[in-house]
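**Student:** Below you will find the structure I want to go over with you.
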Amino acid sequence: MSPLAASRLTPTTTLTARAGAPCCSGLPPPPSATPSPPPSSPLGGLLYGYDIGATSGATISLKSSTFSGTSWYNLSSVQTGLVVSGSLYGALIGSVLAYTIADFLGRRKELVIASISYLIGALLTAAAPNFAIMVVGRFLYGIGIGLAMHAAPMYIAETAPSQIRGMLISLKEFFIVLGMLLGYVVGSLYVEVVSGWRYMYATSTPLCLVMGVGMCWLPSSPRWLLLCATQGKGNLPETKEIATRCLCRLRGQSSPDLVSEQVNLILEELSYIDQEKQASFSEIFQGKCLKAMIIGCGLVFFQQVTGQPSVLYYAATILQSAGFSGASDATRVSILLGLLKLIMTGVAVLVVDRLGRRPLLIGGVSGITVSLFLLSSYYTLLKDASYLAVIALLLYVGCYQLSFGPIGWLMISEVFPLRLRGRGLSVAVLVNFASNALVTFAFSPLEDLIGTGFLFCGFGVIAVASLVFIFWIVPETKGLTLEEIEASL
């Protein structure tokens, strides 16, 4: 136990935890002696990434007179935009819904609902008899994205040991990238098949089922159970016993004394402030939650407005200019970048709990800043130096996956106080998707207005501002329990 946690545990509390808390020995023997990560919650990220990858191939198939298999293949730019961005609009709706239902349903049930929304959305999209039904399917799938991106990091953060919490939450970003790569591969397989876009979207349905069934099998978040009990939604001694059993199950064959101490520490932190009533909207902009909101929303905002969607938009053009033979094939280019993203995300997952959050953020965002100014130089001064653009592109993708990609989601799941975590995190997720939409829709008008080179220069300036923000505002949370992080704020 850390010194801060130990200092809060009185002798009486410790004695109660060891003598009177329910023991794990009455439970069925767990399969492993080591803490096991929730296996189904990262599947929400996999399905999100798969949608991004599959849609890039699906739009090509859907608009083809030869391979569409429909009479409504001649889509306008607005209709194409609805197909591509429909899930993004749905994710915005899902983020708003999460604010309302997160603390009422709990993290596990929210993920189950997300899997149902994923499944219905995928089936409607794949079987759509007309364009309107397809858009409805895209919106429903997007609602699943919004709910899953809200609940998955929160569930993992509240159930994982602090020593490996960073790795487990970062695995969600790894699964997002893996899903993108899977979507690109499936898209390349079906892009020249009649009605291939239907198969692309239908391929995700087995994953939706696995996610839903898996989350039904997993226990609820012990921290959420205890929060509900302190707010009068259950019998506290009985809930404490259930929470202890859930934590024992999630931690494998952990010492019953250690698990009981953890439960007592959670209850002790809840007792410091008035937890008996539901949090109001104004409270998430007060006190330590305001600081958490600045940290979380600032990170996900900078994650998007440093140009991540725009740089990837230019990937195929940059590789073509360098003379790569496969660059004319969009799916091959996407698979190449997907592999790079997967490798660099894997590196971040492996080192985040050893190096910490701040070193990865500062180092990665510094690389992003350099790459953006290099891209600006290529489009304004060095148009013949195509190798420079390729280096900048690969540097950007690699550094993003070491920093903003996984660490942004990790930090927003750690910094919010337990009582306000559900609602605070929903606001941060909403900011993430809204910022993504802002960059996506503002890019083309800004490019026409000031030119590509100056636009990338602007992104570089924003990246410098994000470095200042990280250096002065974002704390280090490596190795701390969620209660210790809450106390430090």
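In case you wondered, yes, glycine gets a Cβ from its N, Cα and C as well.
All annotation found in TrEMBL is predicted automatically rather than curated by experts.
Note that the structure is predicted; figures quoted are calculated from it, not measured.
Below are the features I grabbed from TrEMBL:
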DOMAIN    37-478  domain 'Major facilitator superfamily (MFS) profile'
TRANSMEM  78-99  transmembrane segment
TRANSMEM  111-133  transmembrane segment
TRANSMEM  139-157  transmembrane segment
TRANSMEM  169-191  transmembrane segment
TRANSMEM  333-352  transmembrane segment
TRANSMEM  359-381  transmembrane segment
TRANSMEM  387-412  transmembrane segment
TRANSMEM  424-443  transmembrane segment
TRANSMEM  449-474  transmembrane segment
**Student:** Against which stretches of its own chain does the transmembrane segment (449-474) lie, if we need a Cβ under 8 Å and a gap of at least six residues from its ends?
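**Tutor:** Same-chain contacts beyond the flanks: 294-295, 298-299, 302, 305-307, 310, 314, 357-358, 361-362, 365-366, 368-369, 372-373, 375-381, 411, 443.
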**Student:** Would you kindly list the residues that approach the transmembrane segment (359-381) from elsewhere in its chain, counting only those six or more residues past its ends and only Cβ-Cβ distances under 8 Å?
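**Tutor:** Residues 302, 306-307, 311, 314, 348, 351-352, 388-389, 391-393, 395-396, 398-400, 402-404, 407, 451-454, 456-457, 459-460, 463-464, 466-467, 470-471, 474.
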**Student:** With pairs restricted to those 6 or more apart in sequence, evaluate whether the transmembrane segment (169-191) and the transmembrane segment (387-412) have 3+ C-beta pairs under 8 Å.
**Tutor:** yes
**Student:** For the transmembrane segment (424-443), which partner among 111-133, 333-352, 387-412 gives the most CB pairs under 8 Å?
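**Tutor:** Out of the listed stretches, 387-412 contacts the transmembrane segment (424-443) most.
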**Student:** I'm checking region-level scores; what's the whole-number mean pLDDT for the domain 'Major facilitator superfamily (MFS) profile' (37-478)?
**Tutor:** 84
**Student:** May I ask for the residues of the chain that lie six or more residues beyond the transmembrane segment (78-99) and have a Cβ under 8 Å from a Cβ within it?
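**Tutor:** Distant contacts of the transmembrane segment (78-99): 51, 55, 58-59, 62-63, 110, 114, 117, 121, 131, 134-135, 138-147, 149-151, 422-423, 425-427, 429-430, 433-434, 436-437, 440.
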**Student:** Select the range from 139-157, 333-352, 387-412 that forms the most Cβ-Cβ pairs under 8 Å with the transmembrane segment (111-133).
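**Tutor:** Answer, by Cβ pair count: 139-157.
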**Student:** What parts of the chain pack near the transmembrane segment (333-352), using Cβ distances under 8 Å and only residues at least 6 beyond its ends?
**Tutor:** 53, 56, 166-167, 170-171, 173-174, 177-178, 180-181, 184-185, 188, 312, 315-316, 319, 324, 326-327, 360, 394, 397-399, 401-403, 405-407, 410, 478
**Student:** In the same chain, which residue numbers or ranges, 6 or more beyond the ends of the transmembrane segment (387-412), come under 8 angstroms Cβ to Cβ?
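**Tutor:** Same-chain contacts beyond the flanks: 149, 153, 166, 169-170, 172-174, 177, 295-296, 299-300, 302-303, 306, 308, 311-312, 314-315, 318-319, 321-322, 337, 340-341, 344-345, 347-349, 352, 357, 360-361, 363-368, 370-372, 374-375, 377-378, 425, 428-429, 432, 474, 477.
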